[in-house]
Amino acid sequence: MPPFNRQSKLWPLVAFVMTVMAACLLIALIAVSSEETAAPVRTCGVGKVAKNHKSGGVTEDIEPAHPGPFHDLTSRELKSLRLFLESDPEINATKLSDQSLGSKALVESYVSAIDLYVPPKIDVLEHLDLDQPQPPREALVILFRGDKSPPVVEERVCGPLPDVVSCRMLKSDKRRNPVEFSVRPFNMLEFGALIEYLLHGAVEDKLGFLLRDSFGISYANCQNKPCLDFFTSPVATSLLGDIRQRRLWVWAHYPVEFYLLHPVDFALLAVLDEADPATFRVDKVWYAGKLYGSMGELVAGYNSSSIPKIKREMPKGGEGVFSSIHRRGENPSASPQRPPTLVEPDGKRYSLSSRQVHYLGWQFNLRMSSLSGPQLFDVRFRGDRIAYEISLQEIVVTYSAYNPMHQVTDVADSAGYLGMMARSLVPGADCPESSTFISSTVAGQLVKGPVRFPNAWCLFEHTSGLPLRRHMGYRFVHGSFYGGMLDSHLTLRTILVVGNYDYVIDFSFHQNGVMDVRVSSTGFLMVSPFNPVESPYGYRIQEHILGNLHHHLFHFKVDMDVGGSTKNRYSTLDIHKDKALLTTVRSAFDSFFNYLSMMMMMIIIVIIISQLELGGMSKQLLQENKNNERTMAWARHQLVVTTHKEDERTSSSPYAMFDSENPVVDFSQFSDDNDSLVDKDLVFWLSMGLYHVPRTEDLPLTATTGTKLSFSLAPFNYFPECPSMASSDATRMDLINSKEPKEGVMVERYYGKQKDTCALPVPTYESQVKENPDAALESSKFLGLL
């Protein structure tokens with residue numbers, strides 16, 4: 001056979017073999033590629049911990065064995081203090097295991113609250129700056145002494161912790177102690193007794209039939225259906241003319257989400273003067289827009305049909321009711337997508353240990369005062385102390401109305417112990433998923449042992465999406481360069497839920513040495529049953545309700561120690577049309593600042609150092625010393641400056657809800673001595689506020705947009721240039737060759753050329769809630785707190 005013919009016959013076989021080999025090679029390549037693709041992707045922030053502990057990466061929410069001077073009371077300290085209070089023969093505190101809701105524990109020695117008593121400032125500074133021993137840790141205890149005659153409220157300082165040996169009465173020139181029992185803070189025992197002795201007792205006996213006839217339900221005997229709910233409005237003692245009296249308006253609401261948006265036109269004025277709940281009684285009654293002198297008077301008029309009557313049915317609940325916050329309405333997105341999320345590709349750039357935070361030059365200690373809420377201590381930037389203390393002092397809401405319930409509602413929220421209102425922040429809703437969540441531990445009021453809230457704070461670094469600084473010289477004649485950086489900063493957040501309102505409080509730390517404090521308001525409105533006579537006081541926002549005009553006020557303390565110095569000056573830069581005048585304020589009286597919209601002012605704290613910028617300021621319009629105004633005297637001015645005094649620790653007190661006849665803390669006295677403010681240890685007392693005119697868009701919840709109030713602490717001629725120039729977050733662009741622009745542009749990212757990718761962390765909140773549901777909502781345990 002000719003060679004050509006043999007090769008022709010072999011060629012199909014060779015081709016087949018080559019095809020098989022190619023296919024095998026392709027399969028092998030696909031397998032290798034699949035293995036590489038299937039390799040696990042690094043989770044964002046995991047496995048990349050900063051080399052320097054203080055720079056970031058390490059976050060510990062563990063109670064230390066030896067807490068520092070600012071650290072919250074630990075569980076161990078609270079337990080040992082509780083044992084001392086129960087065993088001390090002078091105090092003889094009621095054992096928590098013996099207390100029950102509605103019992104007569106109010107006539108015994110009852111522990112209402114426990115908080116850290118921060119040591120005197122001079123002692124703490126000697127410890128921090130001069131390496132002296134740490135001052136002993138002590139606790140402030142508020143005791144309801146219903147066992148005394150007359151009953152009183154005592155404030156005692158107990159220590160040293162954890163092994164307490166004594167509890168002395170707190171002595172101060174600026175607040176009296178003991179305090180009248182009638183101005184005691186709110187507590188669960190009192191509300192339990194109010195339900196047992198009045199709502200389920202006398203009110204049900206005399207008015208139960210009327211309530212069921214008018215509204216379909218009553219406070220008791222609801223036959224396996226929800227009963228009427230209630231809310232309270234305190235009556236200031238200045239309105240009563242006697243600080244020994246205690247009055248509460250108790251008004252009724254349908255038990256529908258959210259109950260305060262479903263008021264019924266019925267309320268009781270409760271008399272709670274004595275410690276013994278058996279003496280609680282009803283004074284007056286409000287029904288159908290009219291005030292009655294007693295329950296008997298109302299019943300007589302109702303039975304004789306000589307008075308107006310109401311006939312309403314309980315609203316149907318469910319997800320579609322206007323007051324519910326279940327999702328409803330047409331979704332603007334045809335296919336739901338997850339919202340943007342926060343990513344930390346190289347791990348956290350901050351650290352947390354023993355409640356001390358370090359972040360890119362910033363350092364501060366955080367704590368949650370059970371009485372007054374969030375506090376920061378020893379705030380430093382680049383090693384220099386900026387402020388010794390920055391703390392919330394009080395939240396007040398004043399209402400307007402025709403009806404007596406809202407008319408007297410000037411609520412000082414510290415009566416409910418603000419720090420105990422910080423409980424459960426939700427990842428992905430209240431804070432970014434990647435936040436570090438920090439716990440808070442408070443003394444139980446009706447349960448044995450301390451109560452821990454795992455998510456009382458959240459700490460996270462984020463960008464506002466706004467450049468911190470930037471400039472572009474686009475044209476060649478302008479330099480052909482660019483430099484800028486986003487405003488990446490650290491935020492510490494807590495949210496205080498005070499009844500119907502939720503207050504988001506943020507402390508933010510920027511890389512240019514500026515610190516912001518911001519308050520944003522959200523939550524449900526507190527409304528009145530609609531009646532035409534209420535129209536001057538708000539707007540009708542639903543068929544049966546009127547949204548009342550009200551005023552939110554917040555007070556902060558800022559103890560400035562700029563550059564670590566306790567000798568500062570306070571100056572104002574008054575900016576007029578043709579000039580700016582720097583004026584040194586020499587006395588406390590001269591420091592009063594009342595905002596005028598036509599004048600711009602910068603407040604400067606001098607050792608020529610730092611500036612204070614005020615935002616969100618609104619003038620309160622209450623008449624001085626009239627009704628409840630005296631108890632919130634701090635709201636008369638947006639800014640007051642005083643010298644530091646240990647007796648002037650707080651501008652308000654837990655008694656401010658009731659004590660206006662004779663305030664336990666009268667802030668107007670803080671400046672009575674008209675101290676010199678030149679080269680002194682200065683404390684700045686800042687008021688912020690906003691008027692809220694309710695509208696239908698506030699249903700079901702008021703949004704935080706438009707409700708933000710803030711003030712800032714910023715360096716002023718303190719650094720030779722902007723501190724953020726040292727940040728590696730910045731980006732720089734230049735021409736590759738300025739002589740040959742056509743060669744193109746080079747981009748320099750100072751943080752490096754990392755281009756690796758990472759996967760989002762797996763959300764864990766749902767599993768945490770499943771394991772501990774009380775970390776989210778009170779469910780399996782009764783915590784015994786308001």
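Positions of Cβ are set from backbone N, Cα and C atoms, glycine also.
If you look up TrEMBL, you'll see 12-32 (among others) marked as transmembrane segment.
Helix, strand and coil content of the domain 'Copper amine oxidase N2-terminal' (90-162), in residues and according to DSSP, is 16 helix, 25 strand, 32 coil. Among the features that TrEMBL reports, domain 'Copper amine oxidase N2-terminal' is placed at 90-162.
The annotation region 'Disordered' is assigned in TrEMBL to 321-347.
Annotated active site, proton acceptor per TrEMBL: Asp413, in sequence order. A sphere of 10 angstroms centred on the C-beta of Asp413 (active site, proton acceptor) encloses 25 other C-beta atoms.
DSSP assigns Tyr501 (active site, schiff-base intermediate with substrate) to a strand. The annotation active site, schiff-base intermediate with substrate is assigned in TrEMBL to Tyr501.
Per TrEMBL, the feature 2',4',5'-topaquinone maps to Tyr501. Around Tyr501 (active site, schiff-base intermediate with substrate), a 10 Å sphere centred on its CB holds 22 further CB atoms from the protein chains shown.
Positions annotated as transmembrane segment by TrEMBL: 592-612 (among others).
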- [ ] Measure from the CA atom of Tyr501 (active site, schiff-base intermediate with substrate) to the CA atom of Asp413 (active site, proton acceptor) and give the result in Å, rounded to a whole number.
- [x] 10
- [ ] Report, as numbers and ranges, which residues of the same chain sit near the region 'Disordered' (321-347): CB under 8 Å and 6 or more residues beyond its ends.
- [x] 44-50, 56-57, 256-258, 261-262, 315, 428, 432-434, 460-462, 524, 542, 699-701, 754, 756, 758, 760
